[in-house]
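First up is the structure itself, then whatever we jot down about it.
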Amino acid sequence: MKHNFGAGPCILPQEVFKEASEAVLDLDGIGLSILEISHRSAEFQRIMDEATSLVRELLEVPSDYSILFLHGGASFQFAMVPLNLLTEGKIAAYLDTGAWSKKAIKEALNIGEVEVVASSGDENYSYIPKEYIVSSDAAYFHYTSNNTIYGTEVFDIPKLDVPVVSDMSSDIFSRTIDFTKHDLVYAGAQKNMGPAGVGLVIIKDSLLGKVNRVLPNIFNYSNHINANSLYHTPPVYSIYVSMLNLRWLKAKGGVEVIEQENVVKARTLYEAIDNSKLFKGTAALEDRSRMNITFVMDTPELEAAFLKFATERNIVGIKGHRSVGGFRASIYNGLSISSVNALIDVMEEFEEQIV
Ligand SMILES: *Cc1c(COP(=O)(O)O)cnc(C)c1O
């Protein structure tokens, strides 16, 4: 067994892999594969209904928000959000906390006017800007809740009087969401919700219908809401496996329970990094992500040696993104504390050999 710290697509619970594989041959004993059933069948309708109600229950989504499962992952939302919300003549406010924020900003700029209210690009995105002003005239405010590449996470945002949109791709379902402060939340599934191939969108219904531009039908949230995510063939299998994963989460006790586990997992690993002479965390202490733990060593030679050492001991997926270097241990919901401890053991073993 390998300990998979990959950033995404990533580990899911073993039980989910097992059930997902069984359904490929026979879905719940109906004599058909999940891969061959119609997306209009009663069987799939039940899956879609359960997936939707699990999202609503686990995240405590208020009843005036719609829940959508859409193709295109998070990047599709970089375009869909401004197309649907960036009213003509208004400006969208974006917080720039890293590569994914920048991609979202770039896409919005294709559609309308954007103001970047603050950026941590001056220090290679190692912290979250706290002092910024969002004009009460803005069409909406957009931020990335967890910066998968840089290992920083936004734990609090101001209560704003403009709609707040958040890309929660890499921390959705890892902690509770305050819907009094969020109007639209989206996420690619493959970091914490399920396999690649689907995106989740949770949107307050009253946000819609305010832009005058002619939208391609496929980009129009209202079309997807009116069709209950069946405007066209949805990613059936990705939705099914996401549903299995959310069932697993519910059986575990839900988001508040996993949040406490995630706090413990992250604290344990950060403590090991802070107590070591060889490893150094890269993110500002108060902004350290609970999902993606980034750390470096003093020289590229040491880093290469540790990577080899860890790989030989079944620790995989820890190489850092090229823009930060070093290491990134992604410790999503599906990764158990025993894998975190296995990584710490390997770090300590390496340190004993070197120092
Ligand atoms: C991975 C990631 C994305 C990109 O998701 P896709 O589904 O590949 O489009 C966007 N934002 C964040 C925060 C991510 O971690």
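Cβ from N, Cα, C; glycine included.
Any TrEMBL annotation is an automated prediction that lacks curation.
The structure displayed is predicted, hence computed values, not measured ones.
Features as listed in TrEMBL:
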- 4-342: domain 'Aminotransferase class V' (DOMAIN)
- Arg40: L-glutamate binding site (BINDING)
- Ala74, Ser75, Trp100, Thr148, Asp167, Gln190: pyridoxal 5'-phosphate binding site (BINDING)
- Lys191: N6-(pyridoxal phosphate)lysine (MOD_RES)
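Positions of TrEMBL features highlighted on the structure.
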residue: Arg40; record: L-glutamate binding site; DSSP class: coil
residue: Ala74; record: pyridoxal 5'-phosphate binding site; DSSP class: helix
residue: Trp100; record: pyridoxal 5'-phosphate binding site; DSSP class: helix
residue: Thr148; record: pyridoxal 5'-phosphate binding site; DSSP class: coil
residue: Asp167; record: pyridoxal 5'-phosphate binding site; DSSP class: strand
residue: Gln190; record: pyridoxal 5'-phosphate binding site; DSSP class: helix
When the number of other CB atoms within 10 A of each residue's CB is tallied over all shown chains, which of the recorded positions Arg40, Lys191 has the maximum? Lys191
Residue pair Arg40 (L-glutamate binding site), Trp100 (pyridoxal 5'-phosphate binding site) - Cα distance, angstrom, rounded: 34
Excluding Ala74, Ser75, Trp100, Thr148, Asp167, Gln190, which residues of the same chain place their Cβ within 8 Å of the centroid of the Cβ atoms of the recorded pyridoxal 5'-phosphate site? Gly73, Thr144, Ser169, Ser170, Ala187, Gly188, Lys191
Compare all C-alpha positions of Ala74, Ser75, Trp100, Thr148, Asp167, Gln190, the record's pyridoxal 5'-phosphate binders, and send over the largest distance in angstrom. 15
Smallest number of other CB atoms within 10 Å: among the binding-site residues Ser75, Gln190, that is Ser75
Other C-beta atoms within 10 angstroms of the C-beta of Trp100 (pyridoxal 5'-phosphate binding site) total 22
How many other Cβ atoms are found within 10 Å of the Cβ atom of Asp167 (pyridoxal 5'-phosphate binding site), counting all protein chains shown? 29
Around the C-beta of Ala74 (pyridoxal 5'-phosphate binding site), how many further C-beta atoms are within 10 angstroms, looking at every protein chain? 23
Take the C-alpha atoms of Thr148 (pyridoxal 5'-phosphate binding site) and the residue listed as 'N6-(pyridoxal phosphate)lysine' and report the distance between them in angstrom, rounded. 9
